[in-house]
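**Student:** I am attaching a structure below and will ask some questions about it afterwards.
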C-alpha cells in the first residue's frame, strides 16, 4: 500500500533573539588565554559565550531540551559545568565546545555548582534538597549528603580542610566533614532563608545573606589550631562545659546545634552584622577570587561593594584611631596632669569590612560575576532582567571609586517579549517587534540588521516591495517605517483603543485594521509629497469604517478579497462582504473569545483558535463547523495556514507549536523547544520556514526538511518517548539496608542506564554463546585432526565491542539481574590478569560485591572465583600503585631540577640588575659633576 498523504517534517533550526535567560547565572570564562573578556550566559537550553569587547556571540554550548539553571567554570578555566532544570549536570570543554561528561543524580533543578580548589571534585546542590559531590576526573559520583529540608542555595569547599559548607532555604547553614560524609555542625542563627554564603579572610570568616538587610558575619575557629595555640580559657573551646558549648547563644539569640564533643572540628561565633542599603532579600552574594572585594545585590538594580581589609591595613587603621583618641583625651584631660591618660579603642566589624561603592545598572540585576584584572581594576559583569548584559569597571583602591560602564550587549535581542512577527515576501527578512523596539533579522545569518524604536507593538506586516513596514500599537496608532534609513515616516491615530489586528488586502493596495474601539477600518496606500525632499513617500489614508457592537480581536481577508472575517469579544466570528460591508455569516461555538484565525489559500476554509484551547475548522461557503479540535493545554495564541496547502500551525500558551491537517483533521507534529508561553508565530511565504516568539525572550526558527513524515510512525515515537519517561520515573531498585525514599547512591535511574544494563546483558549472552561455540570448535578440530576455520559472529564483526559510558556504569550494574553476575566476575578475573583498565574493573567489582554481598558469599560455586579475584586484584593494584609512585617521584625530581635552574637564573638576573644600577648611578654622578 502506498503512502496515502505525505507530509514533510519541520525541525528546529536555530535559537536567536535571546542574550541571556533569567534562570541561570552569568560567569566570566577564560578563552584563548584571555580573562575578563568573555562571559558565559544561559540561553534557554544552550549556553552562549559572548565577547564583551566586540559584542559578538563566539561559541554556543549546545544543550538538549532542559533549561540551564546554573553555571560554574573550572579553576583551570578549561571547562564549564552546566546545571539543568531536570537535575542533570554536563561538563563542557571550552576549547572544543563539546559536553563530554554528564552527571545524573538530582531529581529537580540544579541551584548551585562549585568546584574545589584543584577542580577534581564538583559539589552540586538542587531543589531536591540534596548535595552531591562528584569526582570529575573519574566521572562518577562520590556521595550524596542529605540533611537540608529545602532547596540548597550555596555550597563551598574549604581550601585547607576537607570540609564543605552549604546553605539552604530551610534557614540552615550546615558544615559537612567529607572524610566521614556527615554533617557535624548546623548553624541555626537565621530567621529566614539563607540566600548566599561566602568565606573570606583566609577562611576564618563566614558571611551569610538572608531575607533582611543584614549580612551576618561569623568567626570560624578551627579546634585543632586552638588546642595547639594553648590560648587562655575564655577563647579555648575545650575548657568550656559541654552544655554551654552545645548551644552557643549569640547576642541576637541565635543557636548552634553540635554533635558530641569528639565530632567537633570547628566553632562558629557571630562577629556582628554589616548593614546593606537594600531592604529586600539578598539575591546573590559573592566574593572575587582574591577575597578582597565582597559584593551583593537584592531584587533591585544596585550592586553593593564592600572591601575586606588585610591585617596590615586594619593595624594601620587602628594605630590612626589610637592617635586620634590619645589627642582627644589629652585635650579633655586637665592641664595639670603629667602622665598620658589611659586610652582604649575598640575594633569594630566596620573597621574590617568597609563599604566601597554601589554600582547602579540600567535594569534589575538577575546575576553578576566579578574579576580582578592584573592592573588592579575590578570588572563586574551583569545579566539583567530585560535580556541585557552590561560590564562595569572601577578601581577599588581609589578613595572614591567611580564605576564606569565599559560595554553592553543589546543588539542580539529585545528588552521585552516579542508580540508580533512577520516575514518579508522573499523569505529573507524577519521582523520582530516588542514593547519598545522593532528589529529586522536576516533569516540565514540570524544577525540583527536594523533596530528601530517604536511604541508597544501588537501587529505588523511588510508593505509590498519590502521597503517599508507597518506596525499597529497598543495605543491604537499605526506607525510606518522606512527600512533603508530606519526612520519613522508617519504615525497615524487609527483607533481609540488597542489596535489588535491587521490584514493586508490580497490586491496589495491597502489593508484593514481592527481595534478595541469596536471598529474595523479600511486603509489604502498612497504616495504623498515629502516636505523634506523632492521625492514622494509612502503614506496611508482611511477609506471606510465598519462599526460593530463588540471589541474587534482579529481581522482577516479572504484570498479573493470578497469576504472579511472579524473576530469579536462575544466569542463569535462575523463574516462580511468587503464591497458592501453587508453581514454574511456568523460562526459561533467557541466558549471564549477567538484570539486568532486564518483563511486558507483557496478561500474554502477558515480556522479559528480561541482562549478555550480549541481550534475549529469551518467552511466559508455555509459557515458550517467541519471539526472542533482540542489543540492545546492552554489558550491558542496564534494560528496560520501554510501557503498553498490546507495545513496550518497553531501556537499555544502550553509552550508548544502544533501542525494540523485541515482536510483530514489530523494532528501532524508537535514542535517543542520553547520554555514559556508562545505569543506569536509567522510562516514564510514559501512555507519552508516558521519563526516563533515566546515569553522566554527567545525567537526560534523551524525549517522544513525533505524528510517525509508518516503519522503512524510519529504516534509510535510519541508513545515510546512516553514509555521511556515512565521507565525513568519508576521507583529505584531496592538495595539491601536501604530505607524507602533514601537514595544509597549518587546516580539516578534514567532511560540511558536501563538501556546500558540491557547492553551489558546482551554482551554477556553473546559471551556465553561464543564460549560454547569455542568449545564446540575445539572438539571439531580434535576430531578432524586439523585446524578448522572458526565462523565469526556478525555482531562482533560490526561493533567490535559493546560499550557503556562511565557515568551510567554504577546505575546499570544496579539494575542488572544477579544471574549475569557470576559471568561478569569470571570475566573481571580474566581482564585484571591481562592488566586492562585495572582501576575501572576494580571499581565495578567492589560495587557488585557491595550490592550482591549476601548472594555472592552464600554461593559455593563463586568461592574459587572470588579467591582468584582476590589474588589477582591485590597483585595488579599494587603494580598500578607502584607505577603511579614511580611517576610521582619522577615528576618531583623534574620539579626540583626546574626550581634549581630557575634559582640560578634568578641570581644571575639579580647580579645583572645590580650592575645596571651601579652603571646608572655613576652616569648620574658624572652629570652632576659636569653641571656643577
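Along the chain as shown, the residues are counted starting at 1.
Every residue, even glycine, has its Cβ placed from backbone N, Cα and C.
This is the feature table in TrEMBL:
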DOMAIN    806-896  domain 'Small-subunit processome Utp12'
REPEAT    61-102  repeat 'WD'
REPEAT    103-144  repeat 'WD'
REPEAT    145-186  repeat 'WD'
REPEAT    187-228  repeat 'WD'
REPEAT    411-451  repeat 'WD'
REPEAT    492-526  repeat 'WD'
REPEAT    587-628  repeat 'WD'
REPEAT    629-670  repeat 'WD'
REPEAT    671-703  repeat 'WD'
**Student:** Could you pull out which residues elsewhere in the chain have a CB under 8 Å from any CB of the repeat 'WD' (587-628), counting only those six or more residues past its ends?
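**Tutor:** Residues packing against the repeat 'WD' (587-628) from afar: 553-554, 556-560, 562-563, 565, 567-575, 634-641, 643-646, 648, 650, 652, 660, 662, 665.
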**Student:** Counting each residue once, how many in the repeat 'WD' (671-703) are helix, strand and coil under DSSP?
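**Tutor:** Each residue of the repeat 'WD' (671-703) counted once, the result is 0 helix, 19 strand, 14 coil.
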**Student:** Tally of helix, strand and coil residues over the repeat 'WD' (492-526) according to DSSP?
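**Tutor:** Its residues divide into 0 helix, 22 strand, 13 coil.
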**Student:** If you average the pLDDT over the repeat 'WD' (629-670), what number do you get?
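**Tutor:** Summing pLDDT over the repeat 'WD' (629-670) and dividing by its length gives 95.
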**Student:** Could you give me three numbers for the repeat 'WD' (103-144), the DSSP helix, strand and coil residue counts?
**Tutor:** 0 helix, 24 strand, 18 coil
